[in-house]
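A short worksheet on the structure shown next.
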Amino acid sequence: MPTLGVNIDHVATIRQARRTVEPDPAAAAVLVELAGADGITVHLREDRRHIQDRDVEILRRTVRTHLNLEMAATRAMVDFALDVRPDYVTLVPERREEVTTEGGLDVGGQIASVGLAVEQLQCAGIPVSLFVDPDAAQLQASARTGAKFVELHTGRYAEARGEQAQRSELAQLAAACDEAQALGLRVNAGHGLTYWNVAPVARLSGMEELNIGHSIIARAVLVGLERAVREMKQAMIAG
């Protein structure tokens, strides 16, 4: 079974809604780890709409599992990551007008800039994952950058309506998982995964980690963070 990385961005979203000091993402990370999460993920966006620089700096000192920093492949963000030194970096596409990340990184269309970011980070000992659609061309481009991992974008699977559509999207994810491994890439996945759709993705051969945020934080509003994380771990092995 893959491990579970919990994205705690939306803890910061609630805090930033009132520009106050609570809830504290670092405190949330402690509870999430105590509940059995295998890693903590945060996305430091260029517009700083939720997670702030200081959050990442504190989390780097306090997280006891591993810290995965999602970020754009810009010079400023690479410099920040080189300073903070998270355990992993996941390079993601970013548009200021989007509500959440809407698709995978176009590695093939910007292979020089992505490749440079990968080289700089990995030369500093920070393994890099590329958040990409389950597309053979993007996987091949990802391998050419030298990145250690890809994170498969599961949004189309999560949004598929009807059993046939879901099976089709799951088959694409399975094929991408196999293709990535054949190219020497390690495989994670995430985006839009919930308690109700996670198990089939968790069963894909070679899947190492699932990064899940919104569904867990939404559930935590009702039952608390620790129970929400435990329930997701159970959902990953259900079915």
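Heads up, the Cβ atoms here are built off N, Cα and C, so glycines get one too.
Swiss-Prot lists ASN7, ARG18, GLY192, GLY213, HIS214 with the feature 3-amino-2-oxopropyl phosphate binding site, giving sequence analysis as the kind of evidence. The 1-deoxy-D-xylulose 5-phosphate binding site annotation in Swiss-Prot covers ASP9, HIS10, ARG45, HIS50, THR100. Per Swiss-Prot, active site, proton acceptor is recorded for HIS43, GLU70, and the stated evidence type is sequence analysis. Sequence annotations record features per position, and here Swiss-Prot assigns site 'Transition state stabilizer' to GLU151 based on sequence analysis. The annotation active site, proton donor is assigned in Swiss-Prot to HIS191.
Mapped onto three states, the DSSP output places GLU151 (site 'Transition state stabilizer') in strand. Binding residues for 3-amino-2-oxopropyl phosphate (ASN7, ARG18, GLY192, GLY213, HIS214) extend across at most 26 Å, taking the greatest CA-CA distance. DSSP assigns ARG18 (3-amino-2-oxopropyl phosphate binding site) to a helix. On its own chain, HIS50 (1-deoxy-D-xylulose 5-phosphate binding site) has ASP9, HIS10, ALA12, THR13, ARG15, GLN16, HIS43 as residues at least 6 apart in sequence with a Cβ closer than 8 Å to its own Cβ. By neighbour count, meaning other C-beta atoms within 10 Å, the densest spot among the recorded positions HIS10, ARG18, HIS43, ARG45, HIS214 is HIS43. A C-beta separation below 8 Å, combined with a sequence spacing of at least six in one chain, links GLY213 (3-amino-2-oxopropyl phosphate binding site) to VAL6, ASN7, ILE8, ASP9, HIS10, THR41. Classification of HIS43 (active site, proton acceptor) by DSSP places it within a strand.
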